[in-house]
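Trainee: Among the features that TrEMBL reports, domain 'Phosphofructokinase' is placed at C:7-284. Residues or ranges marked as ATP binding site by TrEMBL: C:G15, C:R76, C:S77, C:G106, C:D107, C:G108, C:T109. Residues or ranges marked as ADP binding site by TrEMBL: C:R25, C:A26, C:V27, C:V28, C:R29, C:R159, C:G190, C:A191, C:E192, C:K218, C:T219, C:S220. Here TrEMBL flags C:D107 as Mg(2+) binding site. According to TrEMBL, the substrate binding site annotation covers C:T130, C:I131, C:D132, C:R167, C:M174, C:G175, C:R176, C:E227, C:R252, C:H258, C:I259, C:Q260, C:R261. Taken from TrEMBL, the feature active site, proton acceptor applies to C:D132.
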Protein chains: 4
Amino acid sequence: MQVKINKIGVLTSGGDAPGMNAAIRAVVRGCAFQEIECVGIYRGYQGLIENDFEELNARSVRNIISRGGTFLKSARSKEFQTIEGRKKAYQNLKNADIDALVVIGGDGTFTGALIFNDEHDFPIIGIPATIDNDINGTDFTIGYDTALNTVVEAIDKIRDTASSHNRLFLVEVMGRDAGDIALNSGIGAGAEEILIPEEDRGIERLVESLKKSRKSGKTSSIIVVAEGDKSGKNIFELAEYIEGHLEDYEIRVSVLGHIQRGGSPSCYDRVLASKLGIGAVDALINGERTIMVGIHHQKVVSIPLDIAIKNGAKYDKNLRRVADITSV
Amino acid sequence: MQVKINKIGVLTSGGDAPGMNAAIRAVVRGCAFQEIECVGIYRGYQGLIENDFEELNARSVRNIISRGGTFLKSARSKEFQTIEGRKKAYQNLKNADIDALVVIGGDGTFTGALIFNDEHDFPIIGIPATIDNDINGTDFTIGYDTALNTVVEAIDKIRDTASSHNRLFLVEVMGRDAGDIALNSGIGAGAEEILIPEEDRGIERLVESLKKSRKSGKTSSIIVVAEGDKSGKNIFELAEYIEGHLEDYEIRVSVLGHIQRGGSPSCYDRVLASKLGIGAVDALINGERTIMVGIHHQKVVSIPLDIAIKNGAKYDKNLRRVADITSV
Amino acid sequence: MQVKINKIGVLTSGGDAPGMNAAIRAVVRGCAFQEIECVGIYRGYQGLIENDFEELNARSVRNIISRGGTFLKSARSKEFQTIEGRKKAYQNLKNADIDALVVIGGDGTFTGALIFNDEHDFPIIGIPATIDNDINGTDFTIGYDTALNTVVEAIDKIRDTASSHNRLFLVEVMGRDAGDIALNSGIGAGAEEILIPEEDRGIERLVESLKKSRKSGKTSSIIVVAEGDKSGKNIFELAEYIEGHLEDYEIRVSVLGHIQRGGSPSCYDRVLASKLGIGAVDALINGERTIMVGIHHQKVVSIPLDIAIKNGAKYDKNLRRVADITSV
Amino acid sequence: MQVKINKIGVLTSGGDAPGMNAAIRAVVRGCAFQEIECVGIYRGYQGLIENDFEELNARSVRNIISRGGTFLKSARSKEFQTIEGRKKAYQNLKNADIDALVVIGGDGTFTGALIFNDEHDFPIIGIPATIDNDINGTDFTIGYDTALNTVVEAIDKIRDTASSHNRLFLVEVMGRDAGDIALNSGIGAGAEEILIPEEDRGIERLVESLKKSRKSGKTSSIIVVAEGDKSGKNIFELAEYIEGHLEDYEIRVSVLGHIQRGGSPSCYDRVLASKLGIGAVDALINGERTIMVGIHHQKVVSIPLDIAIKNGAKYDKNLRRVADITSV
């Protein structure tokens, strides 16, 4: 079914991720191609409520594909969590003659979209963009690949110091519920151990493994720890515990923090964002609503938003095995 | 069928690709895990003929996962193209008690492996590593993702100059037969036009498109040209032709060349190389022979080597459409 | 002498260089600090003639310090080379009540400024920005440090391939008259040989040195060649010559080209540009005219423009000796 | 006076810094050039005591110029702080016929060298390598330029997030006693405020400035804080204080930590290390002892070690002014 859409609004919401700008650009240019008007909404749902709109054309988005962050900015909106807030938002959309929304973000963004749609029956398409890769129904989220490269580059730097000093480093990476960043960057950076939220292998095993590893001739070690790891200790407590149970190990902690969200997106993330941005406009034109466009087996697919917000952690046992074998 | 393999030889051959070291490392550590001996063979098939072997253990490959190139080195071997050369190679393998070979490279490497196997019935597993991503049966080859990032970073730099001077740049990227690098990096870098070997859209269309693009307000442009593009002109001739048919355009040519092969591998390539290296050892143990381990839908798969060497170009019409729409 | 300046115009001209944006930003904010109005002039002297002006305030230049190129754009202006052109330019400055100009560029830019000043006695301050580091009276020009890092990173990548294949690479870097980029990047990248415009050591010596180097156990080599080297051959002819006079060497050529001009500026270039931008505004306020602000022994200094345009190549014999010794 | 030196020992000590490998390489190749033997000593002074020596020749140091850290490794040695430890060290040097030492490190390294020289009258040359740039008598230390680029790249990434969310970020960078990293990287990254150990401008001024800055239209801010800043609060307490005194500001803290020590050295650091490494060998041959080779006004100079260890912080009031003006 081809449904006539005349004007689309686009916004970014939640934690920013590299590639959000590339996604906005693709939505805007997809609109230009389809001769649909496009309106940028600043600061996510908050800007929707505050009527913070700007018309965007193909030229508005030039030279942004290489930039991290989101030029439409992002924000948390408490007001959008209220019925009144959402009413205001709906009224603003109506007043501006906007027929449909494309929302770029993660599960919080999509949850807001679902509620809004329930109340106002407004056509919405989601585009998954979050470094955590924890969205259901898409193999990858925009920003995840860039974050992996950022983490690996940072750990490569730490490895220089670790090797020079025969030290043990605990490196905290993002991932409260999903260990994808930790597991993949840990393999990529050649980490000796990787602690993730999806499993609890016990702190004693860790200590034993480190002892064995040193005996085998390893003089320095990197342990990658996801924020949400199951050790029951924060990373500083964990460092203290290990130091108390190992001899001759100088231990250091590094919390990578917010650098993981920024940076110029990788080629993969730029292409993914371009595909999904175009895909979102196509989906609207094809009459699809309340879905997320995702990538599955290199193809753009549509996933109902209520499915997309279900737990999307992708714990891969084979990857854990690869980590264990390559880190000997 | 579990077959007893006691000693594996590993080599890299053909053009080098970022992630080859990570693949060697994974093969070596996969062997250590399975308690198989591992022998590194220097300079590809030439080292096989010249008996240029070295025993490798888990410690031999430390701190190489982050390095471009291949520490086992690569070479073209004319001698291996002769029956006598291959006989010598076989004899050296027998003398060293090597039971199986893992060869890391592209289609030339695999073709050599097939001939060798035909003559000597020697167990061989291939691992696809080439920046061109032109191997059949695997979604991605090792090195391709890194090369895309290298190209995009280079074009981002060129964009700075192009924008500052309102210039048109023709940028030549690798790809004699496959346009994957050109098409993906072109989308990623926001190129206005992309010329690839898989299609001939005509040079007149190109000139018309550039005229239209300038009229629409574009003040600078990047054209990404694959080595094997179908314009029938080399990139300097192409530049001259365009300059002759457009007004007011200062044109510059940049041939990216060999920087595309080097550099520290991306996280994706490191993880892919780790998976495939472990997968190759697993495959040998499981009795598989004369296959390539590839990645398909994020899983390690086995592809007969004679299938793998068939044309693996992955021209994706949807991607061409994405390129056309996002470059308006 | 403190002279009242009410409005400054700022422009970038000539080849772009990383850090030009940082310099513009510092001029604009220096003006804001001194409560002087600031006008950006687009496309260098051409924009001056075409009245392509825009008022800039402290907020206009936010988030540009990290960006390569120049947002004011640059251009060559044939019209500015005529008396009439310069008259128009002068008239436009008068009409806009601009009291003084800050011109950011290289020796061509400064030469234009001198002629303009001769004819119209207009206060001008130059800021040296060119990757070639060939301006007299300043230890460093804006963009040079970044270009060195770009070249070294590129050669590091080429080294991966050179080492993997035991190859000899000829890498052409910028520098028609000055060998600073070649000599410094050559030392930094560990090049085996460096050919620069300032000296002619003879092509026979080069061939002999390469033979000796291979005998000593070097299996791969990088030769860095400045555009203006004195071999009397272009880089492809040079490669052919060497290939004809050496055995067993596979030779490849890489012309780095325009990537050397782009990229996010290094910290050094950002700080240098910030110092010089502020210094230019200070100089105007202090009554200085027709000078360039440069950096000498880490301090901002003033150099008469007619001195600045004299040959500023900084050939350093000690550096040549360091290159020769470290490349054994 | 030319004194005959037959064998030199070289070691790295203290915190590692990018460019240490380049310095070792230059010492080794300087020795090869002068036909002096060269011995690498592992793990700094501790390896001296434990006789952890290895002969190095020109080929031993190939392909290390681009690598961070130090392949000779570094360590703190408590034993070297005892008379007995230093005696052992001396005996080992004598037994190995080593005539002189080149020690690469910071003020701790040089202090150890001075005591050792006092007791055993052993020829020692120091090479300043520390990211902190806090050595007296040299304009720059090896590793400092690279660290500045690392910090600026990290803050550029954080800026993406800060801008996207209109947030205030406190970023802690290295520098317990010297604010060089904070001040230069702060200017380079366009930080709104920079807190350094050399001055105490008061926390109230900071809060006032942030209020003013937001009023002027700034929507996001970066504050760079040196470890040794004079606020009397650690960075988390500082964040809490600011949050308590400002409205509408979401505040985040990022501690950059050990990534600042690692990474491939910048071109500047590689060239500096090459100059100083050669300079150290030259100095020994010229009969100089108990000095550090440093860089001053682009020339290699000799500084008595007891002068070098005096406070070398280089607080530059002009730079503070540049920071204040450009951050408006």
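Using the three backbone atoms N, Cα and C, a Cβ is placed for every residue, glycine included.
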Trainee: Would you count the other CB atoms within 10 A of the CB of C:R25 (ADP binding site), including those on all shown protein chains?
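Mentor: Step by step: centre on the Cβ of C:R25 (ADP binding site), count other Cβ atoms within 10 Å, giving 26.
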Trainee: Between C:G15, C:G106, C:G108, C:G190, which of the binding-site residues has its C-beta surrounded by the fewest other C-beta atoms within 10 Å?
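Mentor: Selected from the binding-site residues C:G15, C:G106, C:G108, C:G190 on minimum Cβ neighbours within 10 Å: C:G108.
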Trainee: Please give the ATP site's span as the largest CA-CA distance among C:G15, C:R76, C:S77, C:G106, C:D107, C:G108, C:T109, to the nearest whole angstrom.
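Mentor: Of all Cα pairs among the recorded ATP binders, the widest measures 15 Å.
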Trainee: Is it possible to get the count of other C-beta atoms within 10 angstroms of the C-beta of C:T130 (substrate binding site)?
Mentor: 27
Trainee: For a quick check of packing: other C-beta atoms within 10 Å of the C-beta of C:T109 (ATP binding site), how many?
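Mentor: C:T109 (ATP binding site): 28 neighbouring Cβ atoms within 10 Å.
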Trainee: Can you tell which of the binding-site residues (C:R29, C:R76, C:R176, C:R252, C:R261) has the fewest other C-beta atoms within 10 angstroms of its C-beta?
Mentor: C:R176
Trainee: Return the count of C-beta atoms lying within 10 angstroms of the C-beta of C:D132 (substrate binding site), excluding that atom itself.
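Mentor: 24, counting other Cβ atoms within 10 Å of C:D132 (substrate binding site).
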Trainee: Going by Cβ pairs closer than 8 Å, show me which of the binding-site residues C:R25, C:D132, C:M174 neighbour chain B.
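Mentor: The answer is none, since no candidate qualifies.
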Trainee: Are there any residues at least 6 positions away along the chain from C:I259 (substrate binding site) with a Cβ closer than 8 Å to its Cβ? List them or say none.
Mentor: C:T150, C:A154
Trainee: Return the residues near C:M174 (substrate binding site) by Cβ distance under 8 Å, restricted to its own chain and a separation of at least 6 in sequence.
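Mentor: Correct list: C:I131, C:D132, C:A147, C:I181, C:A226, C:E227, C:L256, C:Q260, C:R261.
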Trainee: Looking only at Cβ atoms, how many others are within 10 Å of the one on C:T219 (ADP binding site)?
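Mentor: Neighbour count, Cβ to Cβ under the 10 Å cut-off: 15.
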Trainee: Write down the Cα-Cα distance for C:T130 (substrate binding site) and C:S77 (ATP binding site), rounded and given in Å.
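Mentor: That comes out at 18 Å between the alpha carbons.
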Trainee: Would you mind reading off the Cα separation of C:G190 (ADP binding site) from C:R176 (substrate binding site), to the nearest angstrom?
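Mentor: Here the two Cα atoms lie 22 Å apart.
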Trainee: Which of the binding-site residues C:T109, C:E192, C:R252 have a Cβ less than 8 Å from any Cβ in chain D?
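Mentor: Cβ contacts with D: none found.
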Trainee: Measuring Cα to Cα, how many Å separate C:T130 (substrate binding site) from C:D107 (ATP binding site)?
Mentor: 9
Trainee: For the domain 'Phosphofructokinase' (C:7-284), what's the mean pLDDT in this predicted model?
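Mentor: Averaging the confidence scores along the domain 'Phosphofructokinase' (C:7-284) gives 95.
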Trainee: When a 10 Å sphere is centred on the Cβ of C:E192 (ADP binding site), how many other Cβ atoms does it contain?
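Mentor: 22, counting other Cβ atoms within 10 Å of C:E192 (ADP binding site).
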Trainee: Identify all same-chain residues not among C:G15, C:R76, C:S77, C:G106, C:D107, C:G108, C:T109 whose C-beta atom falls within 8 angstroms of the centroid of the ATP site's C-beta atoms; report them in sequence order.
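Mentor: Nearby residues not in the site list: C:S13, C:G14, C:G44, C:S74, C:G105, C:T111, C:G112.
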